Structure formats: C-alpha cells, structure tokens
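Here the structure is laid out as structure tokens; the discussion comes afterwards.
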Amino acid sequence: MGCFDAGTCQKMTLQPLTPVNCGSLLQPGCSLLQLDGEVLLFGQKGWPKRSCPTGVFGVRIKRGELKLRPITFSNDSCYLPPLRCPAVCRLDPYDGLPESYLIHGGRTPNNEISSSLYLLTMDSRGCNRKLMVRCKEKELVAEVPGARYGHTMSIVQSRGKTACVLFGGRSYMPAGERTTESWNSVVDCPSQVFLFDLEFGCSSAHTLPELHGGQSFHVALSREDCVYFIGGHSLTSDSRPPRLFRLRVELLQGSPLLSCETLDTGLSISSAIVTRTGPSHKYIILGGYQSDSQKRMECSTVILHEKGIQFEPLEPPNWIPDIIHSRTWFGGSTGEGSVLLGVPTEGRPSQPDTHYFYKVSFHTEGERKDEDETQGCSQESTDYDNSTPLEDSEELYFGRDPHELEDSSDGDEDAYNEDDEEDESQTGYWIKCCLGCQVDPNTWEPYYSTELHRPAMIFCSRGEEGHWVHAQCMELSETLLLRLSEGNQKYFCSDHGGLPYQETTPPRQLLPLKRTPMKVKERKTPLRLKLSPAKKSFLRRLFD
C-alpha cells in the first residue's frame, strides 16, 4: 500500500451503482469531463435522442444511484459529434479565460475518424442550476495532425507561454495503401509530436529519435514544461512495453525547442483511467490492460515533482467476482479521487442493463473521518440521523422555493429516462415512411455519420396527423439534417423527395368551452294570478 505523505494513507472503496434508466448510454470509449462542478458524459451512443439532442449529459451519483440530465448547448455552438476515444485535455482558468476542455479526433459510431479540434466551455447556468455549454471548432494551420483516435493532449507552460502537446494515436491506413480487404484496418500514427498554440492555432510537427514504434491508448501527465508518456499499446509489435518518456518543451521566442529522454520506471498498461487527488500534481492510475486477455488489477499513485516522476503502489479494493472475471472494463474520472467504472454483464439474461457500474473512491484516513462527521449535513432534510453528506458541487441556494432545488420532488423532470422514450421497435417510430421506402430498420447500416443504430428521421406534417420519413429517402444532406434537427419544428415535404421547406407547426386549435350559466340564488320570477273562468270572462267584457 502506498502513501502520499506520512500518516495519510490512501484508502480505496468500491460502491455498486444502480443506473436509473440510463445504463445503455454509457459505453466503452466515452469520456467524462468536469466543468463548473458538473460531471459531463460525452461520446455515448443513441443520437439523436429527443430528450437530449446534443448528446452530452450531466452525471449525478447519489445514494447509490446513477442518473443523467440533458445538457443544452448555446445557440452559437457548433455540432459536436459523439466521438469515442478522443484526446481530451482540461484547461484550468488562466489569463482571465474560463475553465474549458479541448477535444481532438476520436472515432464516430460508424467508424469515421475525426481530425477536428473543439473547445468546450460553460456558457451560463440558469436559476434552476441547468448548465448550458458552448462548443466551438478551432482551426489549426501549418503542420496539422491528421485524423486519429486513442491519442493524448497535454498542456505545457514555459516562459510565460502556454501551448498544447498532441502525441500518438491510431488512424486508417494511407489512402494509397488501402485495399478492399484492408479498408478498415488501422495503423499506429507516426511518432510525431504536434505542438500548437491555443490563441492562433498554429501547429508544428516534431520528430524525436527517442519516440518510435507507435504509441496509442497511453497515459500523458504534464507539469509546467514537461510531459510524461506512460505505457501504451503498439500495433507493430502487438505489445504493451513498460515505456516512460519525458518530453521537455521550451517555448522560445522564435521556434520551440523539444527534447525527450527515456526513463526506466515505466508501466506496462493501456487504456487506463487517471484521476487527480488534489490541486497538486498527484494522480492515481486505475484499470487498463496488461495484455489483450489480462486486465491490470493493480493501482498506482503517481507524483510529479520538480525533479521528475515517482510511482508508488496502491492497495486496490476487494474486487468482486464480476469485475475479476470480466474481459473488459472502462470508465473515467468523476472528480478528484473518484472514478466511475463499468464492466459488462457478459450477456446475463436476468440483467436488464448491459453493464454493471461502480464508484471507486480514494480517501485518506483524515478525509474519511471528516466524511463520517458530516453525515448530518443535508440540503433537503433536517433529520440529521438519516441524512447524507453534502457534496462539494451542491451549493446552497438561498431565497428560492423548495421545488426549485435539484433534489426536491420536482427535480427529476429533466432527468433522462429511457422509459420516457418511445419504444421505437414496438411503436413503429422507425418504420412509418413513404410507400417507396427501401430502408430496412432490422438490417440498418449507418448512412450518416451522426447515426448509430437507427436511421435518421424527419417528421413530415403533411396530412392530418403527420408521419415520419427517413432522411435518406428524402435525399437530405447531413448538414441539412443537423440543421433541421435543431429546432422543435415540423416540416412539409414534396412527395418525400427533394429538399423540404421549413414551416413552423401551426398552433393547436382549441375548441371553445361550452359554458352553462350558473343558477342565481333567490331569483325573483314574475307573479302569476290564478283566476277562475268567471273572473276571466268578467275582465274580458270589462276591457272590451
């Protein structure tokens, strides 16, 4: 068991989680981001989901339950595709700029590899604590890195300047070498280091003799002007050698100066999960693989200091049999010292979800003691005996009604619920189309890069009730499909062919209510005199 400091040993706990109608959205290759105290899930399957067209969800873990909330994008945001295994890099606030994330590359669900660079920042947070984010695509110039996935990005700071380092990854074979048999074969990208500034997007490629053989799904940790590349998988040798490189970047006035050295204390690991355990440069490496058929069950602490890097073993939790015997696992960091871990259910028919989920927490003995003492703090209850601790991301909001709090009874309206979605296989949501439709939803192959397991649909409001039409049958371009899918509008089409023209859905016509007049109490009615026939005859002769 390793200790960061004397008397502060790390303790590792494993807590099973119950996904609340969202287990199918977390898949291998997804990414977890921490933005403004919120944990965001990015890169999941299921686009387009009508409850969350952006494909980004907020992750909430409470009382052993895993819930997702839809995250909205600002109106000036660009489209962010569901990318798997991209390079994700966090930018801490600096020079007045807010905290943000850089996302480069990645693999789309229909096996297209991206070369785009996105910047994800927070746009605003409403009074009901809903988070709105902004996504902008940044353009790189000069020596631009090609499309890839399984690579890393890191931030370096030198001489008062800040730059981004991109390294490793995989991509398809060059166009001239691809054949019909090897069309989808991937290769390691050339061992080049790309350095680009964040302000102007100028990129430069650097080749270093120490970096060779290709490296993918490795770990990259940075401090000041140094980046450490740990482990990784090489397709050329089909191995995971215990490699460790230290890359030093000096951002000089003219051109940058890069140097690399090979260290001896590396780890044989790939696809590992890294979480930071504090504001200093202390990390924990969890999970990953030692070989194609062997997971790495050990855990390690990593400390980056001025003199170099230090590894220390960490005692893992008591892994349960489902984790030990699983072939694969995946996950990401949900904050400092916390990891969300997923393992497949291995096709058990009794299990409705495809994965088991667990929360792995790392605490020192002092932190665990403080956590036990704060069991009486709760935002929604004054019963201190049965309350739960207040998480760091749960700020108290004064001057608000109880129903506006996130954990109140009305707070689950925005939570993602798979049961709220129509069962598209049963209701025929994907089957209603024009008579000449040739799309078979049972043997569907993605046609657009934004699709996953179901074809894209556009609602046609022609007729009384309207119906759904495959976007492929309407010969829509993907750009137009994305634009039409942004608003809550319906569209007319010309015999399900050509380009539809947009028209706002007419407002629903409400029939006037039939109002019955209310009876007024003590209403005076005119008096009627009851006259005998003799008196009636007398009065008639009198007035005649």
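The backbone N, Cα and C atoms fix where each Cβ goes, and this holds for glycine too.
Listed in TrEMBL:
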type: BINDING; residues: C433, C437, C460, H467, H470, C473, C493, H496; note: Zn(2+) binding site
type: COMPBIAS; residues: 375-390; note: compositional bias 'Polar residues'
type: COMPBIAS; residues: 397-406; note: compositional bias 'Basic and acidic residues'
type: COMPBIAS; residues: 407-424; note: compositional bias 'Acidic residues'
type: DOMAIN; residues: 428-506; note: domain 'Recombination activating protein 2 PHD'
type: REGION; residues: 365-424; note: region 'Disordered'
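Looking only at the binding-site residues H467, H470, the densest Cβ neighbourhood within 10 Å occurs at H470. The number of other CB atoms found within 10 A of the CB of C433 (Zn(2+) binding site), across every protein chain shown, is 22. Each of the binding-site residues C437, C460, C473 was scored by the number of other CB atoms within 10 A of its CB, and the lowest score belongs to C437.
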